[in-house]
Amino acid sequence: MFTPGPLSPTIDPEKQPPSPKRSSFFLWPTKPITARNFLTRVSCFLITLYGLRYLATHRPNHEKESVGFQEDWGSSIVKASMSMSKEMKEELFLNVPNTENATATAKQYSKHPHLAGSLEDYHDALSVLKFLQTELGISPPPPSHEQPIHNAGTPKSRANTIALTSRFGPRGPTAWIDVYYPYLNTPLDRSLDIVDKAGSSIWSADLREDGNEGDEDAAKYRDYVPPWHGLSAHGQGQGQLVYVNYGSYEDYEEVIASGQDLSGKVVIARYGGLFRGLKIQRAEELGAAAVLIYSDPRDDGFVTVENGFAPYPEGPARNPTSVQRGSALYISHYPGDPTTPGKPAYDKAERGKAGNTPRIPSLPISWANAERLLKEIGDVYTEEGRDGRRKLSGKASEREIKVVNHVDAKITPIWNTMAAIPGHVRDEVVIVGCHRDAWVLGAADPVSGTVSLLEIVRGLGTLLRNGWKPLRTILIASWDAEEYGLIGSTEYGEDFAEWISEHAVAYLNVDVSSAGSKWDTVASPSLAHLIKQTAMDVPHPSGEEGKTLWDARADEGPFKPFGPVGPDGKLGLVLLTNNGSDVQGVNTTVSSHRILDIGNIHADADVLNAYEATRNKRLSKSDGRDGTAVGPMGSGSDFTVFLQRLGVASSDQGFAGTPYDAPYHYHSIYDSMRWQEVYTDPGFKKHLAIAQHLGLLVLRLTDSIIVPLNTTQYALELDGYLDTVESLLPSLDVEDDASAARAAFSTLRQYITQLQETSVLLDIEKVEAEEHFKELLDRMPSFPGSIATCGHKNTLIYRCKEWINGVFGVQTRSRNAFAIESWEDLLSRYDSNGQEDKALAGWIEHRLHMLTASRKQGLPEFPDLPDIPDIPKPPTPPDIPDIPDIPDIPDIPDIPDIPKIPTPSLPSLPLPTSTLAPRSVPQLPSPPPIFEFIRAAKRVSRANHKLFLFERGFIDEGGIKDREWYRHLGVAPGKWLGYGATTFPALTEAITIDKNLTAAVLESGRLVKLLKGMIESLKF
């Protein structure tokens, strides 16, 4: 047996050791060859070939096409694959995920590091592949053969995806691994020092996490992946230290307004508010020498050491030595491999200079180190301004800080593990995915998401074993290298951009299933109603009767000390100012740090107010105009390429933290199994809730006749997008010049209204199309195809014959030119022409006629009837006299009348009608309206294509200014947000960033052009 040995991340996984040599099947290796035994072998070989070819070309009568149809002429909507009702199917699925499996899977993948491109990452990819093969009933290759691992761009790799939507593609589930080759780096040496004027170190930071023995896994792997920023710059920087709060664009503007010049300075920022790479990007633009980023306990809410909570692992508060690793990629510019923007990172890809990575060094540091460094600055805030906000002082430290960050950068293989379940409608694909790589252990990010994804796979496998086949094709993805900058998913999306744009119905993402108490979701507006209704069908993870997953949006952590409103009716009770007291989270000399005080419990006022404002907006959104409480999508996870570049409706979800939860040690060694079990999800009920919700979304998107996408909801939300833009105009203080912009916005709103009206008409059409389709489907018999005879296809004889057919080039007869094997398959023919439809209708009618003929030739047996009482015989009629010979001329004499034969009345038979019924010849139904049904199926298919192509309407090939990789003009990650969403991004940023009304008018015109196309595309 061949067992793959350790694989270096730089080794081509396709180059596996050769299989052991084996003796030929027809040869005896030890016997000398003579002329006699040579002729004997040749003769045996030719006879064998002739016999095999005979078997391939001569089939028994029972395999001819004219027989083998189902006897049942029932009207079930889907005779084979959807015989289960929606309720039965969903109940069966929901009963599969369980805590035992979830816990075992979490332990399997969170007990070791799995950095992208590492040996452990490769082994995890193989492990997931084996899991998919097992659960989906895919026969793995024998030990002597290679696993289905292929370099991206090779024919085998491309065929695995593209063949899924081919009429003659695989009929059963498949699984494989695609290998891409992006530019990645790993840490070498790093240092952080306070230096004196002579350049000597007077304090050196311990950049490691403590690895407390209370968490065995964290202690074991404390130094396995040192704290550093992925794709950070190699080098060193030295300068005075300046505090920039979160490092947002506005924070930097405030520092500049204070008079501080950041050229040559070392910037220190706290995590939160925006993607870390953007904190570095803005510092680089302003001439900074280096950047430090730390986790501030102020952002942990009430669960802090200062409030009496012990630090992890002794208690729930943040471990002060914990460090958040993460990517330094300039993700708002473009995600994915830095050297191949817009193109897949193949092994031999033509590469350019990285355009989205930093050029100044950066380091992530702990609060313990940041607290010491902040003392070098002194007051980081000034007195409060008139608006009540603290303002950044912009002060710089007297002594300089030296930052060293050395990395090893190289082209590194990564492994996307994929699986697919072909559906009846092969050319409509629902995609669900989660990334697999982690910075260290990753119990929450991404193992909790992986647990949920694999529980979904278990559920789908159970359905398959119970005879289910999805209506649409399902693609399952375990992405790699997401942590470096969404690389695995982005490279796949760029690799198969055309295929995804043509076939993808939706992309459903999960990243972190469990990291807190609050369930949150973001999605394309067209998915919002489906997400809400499905969440209301999933029980609350607490098991509390009457509560659902939808109610978990309002959940808060177990450490909340009081209700949302204090005794004085205000949030947080008492607003205090820190007058030199030792308040954790800021330097003790800061006089304007505002805190919320409840007895002896304190929290940062700004953090709590921002949290409550966001929470109230999110929870009250269902009462607003859009009515969904599902927010828009920015970036930060694997949905980005599908939504922002290719225009595929997408979603993401998970349980996140609140100020009343144990702080999440994001990207730290303490994102561990123990932390998950003790503080986040004891019992793994949240993992299961995500699996159930996401799995139901997959089933409902897959098996609904009409795709459950709500374009009208989307069109209605566009009004709110434009309202936001219009509210920005006064901030420019150019009232006299805003008339052109207002006129352009008025035109834009008119087209939004037209889009809404057209979408309502589509709503009517899709309802009518589905009803007509179902009505005709109820009148259809069982499809006259291979459904009834598919059982023999699993036999050894059948498989041997199929193999022999391939050897001799004999075309298999089980497939037909139309590749139609069920009524459901007709839903994939939306682009066929009338002539093709007539030909298909004739073919089906011919097969139905053959079925009718088959029934007439051999009627089924019926049960014996009960005895019938004797019936008296009628009397014999009198003899009829002979007719005399007819003379030549005389008339024919009259023939005497024949007396009537008396007919006695028959006694009534004591038999029920149902018993006598089988005596009559079975009545076949009237011929089904085949051609009309094909047209009804095409009508449904066309409506579906209009629904899932709606999101594509926002894609503009020109992209967004200064970051053209992003092409979605409806929503995108904000240029200076990264994670956060900006609606109508190009238009919004023309006002907020460029402050250019002329550009705003042009961007409004681009949106109008897109809306015109969307209006036309929705019309029938």
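Placed from the backbone N, Cα and C atoms, the Cβ positions cover glycine too.
Residue ranges 1-23, 369-391 are listed, and TrEMBL annotates 1-23 among them as region 'Disordered'. Your range for region 'Disordered', going by TrEMBL and the list 133-157, 333-357, 858-882, is 858-882. Residues of the domain 'Transferrin receptor-like dimerisation' (938-1019) grouped by DSSP class, helix first, strand second and coil last, total 45 helix, 10 strand, 27 coil. Mapped onto DSSP helix, strand and coil, the domain 'Peptidase M28' (416-545) counts 50 helix, 43 strand, 37 coil. Helix, strand and coil counts under DSSP for the domain 'PA' (238-304) come to 23 helix, 16 strand, 28 coil.
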